[in-house]
Amino acid sequence: MTSPPPTDTSDGPLLEGVVTSSTGSWYDVQVGDRTIPSRMRGKFRLTRQDVTNPIAVGDRVTLRVADEDQTGFITDIHERTNKLSRRAAGPREGQEHVLVANVDRIWSVQAVRRPALNPRFLDRLLVGAAAQDVPAGLIINKIDLMTQDDLPDVMDLHLRYADLGYPVLATSATEELGLDRLRDAFDGQVNAITGPSGAGKSTLLNALEPDLELRTGSVSSTTEKGTHTTTHAELHALSDDSYVVDTPGVREFGVRDVHPKDLAHYFPDLSPYVNACQFPDCTHDHEPNCAVKAAVERGDVHAERHESYLAILESLREEHSPEY
């Protein structure tokens, strides 16, 4: 028998804090130097049935602490400055899943090898971040594994996104390369990192802050896919007055809250050409006299970026069908 949602019977003081982790129906809330295990009021889940997790790591909340066991009861979620969410997969496919809230920047960690670079994943993340007003950046990790054969692809990726205005950092956790620049980028801010399993997110954070002692996993030599060692998002304090949210590895980033006709505007390299197309409703796919496709043919827009755009466009068309 399913137990009813908890009711707020505590008469303790109201406090304000930040959600630092979420595991099932419990949340860790940081209030000063104290971490309070807390639950949420049932109304949040009842009123937000379109989202898998009404409360996310990074949320600022009000809670009431029970006198008898010193656990908290979340009574209010403060307005967010931003959030990064994706389309949920599995049984709740299509619902919103909030990865993190109230961050200064989201970083996509891509590995040179094991697993291989995945620009399609990166482009989906960048679109999702832009649509939700979250600044984004790229960390190219495991550069110690880079061979001469890898160099052209790695340099192409680095220049492609740096030229678009995204901050790009090259790092190696095992060889401690690029860590000073990463510390500088994190300094005094709340950052979040995401990317595929095995890209080295937790290893990188351990190199930055050894006291974290985060679990790390291996990468299959057969599939080149990593194992999930980070099972839930968690906010960590670093020693230089900065914070970082380590998120579980994801294989796909499903873009949501973007209409197909608006997609090109979230590609900073495509958007300058959109208004020069012959047709105002041009999808930059099959139409004649398309300024975006002409820019691709001239080499002004990277062909892989246009391919990413078309792949995301197709998924959004399916989501909005039969409307679109």
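Note that Cβ sites are derived from N, Cα and C of the backbone, with glycine treated the same way.
What TrEMBL lists as GTP binding site is Asn141, Lys142, Ile143, Asp144, Gly195, Pro196, Ser197, Gly198, Ala199, Gly200, Lys201, Ser202, Thr203. If you look up TrEMBL, you'll see Cys277, Cys282, His284, Cys290 marked as Zn(2+) binding site.
Shown here: features listed in TrEMBL, placed on the structure.
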residue: Asn141; record: GTP binding site; DSSP class: strand
residue: Gly195; record: GTP binding site; DSSP class: coil
residue: Lys201; record: GTP binding site; DSSP class: helix
residue: Cys277; record: Zn(2+) binding site; DSSP class: coil
residue: Cys282; record: Zn(2+) binding site; DSSP class: coil
residue: Cys290; record: Zn(2+) binding site; DSSP class: coil
Using a 10 Å radius around each Cβ and all protein chains in view, which of these binding-site residues has the most neighbours: Ile143, Ala199, Cys282, Cys290? Ala199
Which whole-number value in Å describes the distance between the Cα atoms of Asn141 (GTP binding site) and His284 (Zn(2+) binding site)? 33
Hey, for the Zn(2+) site built from Cys277, Cys282, His284, Cys290, who else sits with CB inside 8 A of the CB center? Tyr273, Val274, Gln278, Phe279, Thr283, Asp285, Glu287, Asn289, Ala291, Val292, Lys293
What does the structure give for the C-alpha distance between Cys282 (Zn(2+) binding site) and Thr203 (GTP binding site)? Integer Å is fine. 44
Using a 10 Å radius around each Cβ and all protein chains in view, which of these binding-site residues has the most neighbours: Asn141, Ser197, Thr203? Asn141
Which of these binding-site residues has the least crowded Cβ, counting other Cβ atoms within 10 Å: Lys201, His284? His284
Give the distance between the Cα atoms of Gly195 (GTP binding site) and Cys290 (Zn(2+) binding site), rounded to the nearest whole Å. 33
Smallest Cα-Cα separation from Lys201 (GTP binding site) among the binding-site residues Cys277, His284, Cys290 is shown by His284
Determine, using Cα-Cα distances only, which of these binding-site residues is closest to Thr203 (GTP binding site): Cys277, His284, Cys290. His284
Using the alpha carbons only, what distance in Å do you get between Ala199 (GTP binding site) and Cys277 (Zn(2+) binding site) once rounded? 39
In the structure shown, which of the binding-site residues Gly195, Cys277 has the fewest other Cβ atoms within 10 Å? Cys277
Taking only the binding-site residues Cys277, His284, Cys290, which one has a CA atom nearest to the CA atom of Ile143 (GTP binding site)? His284
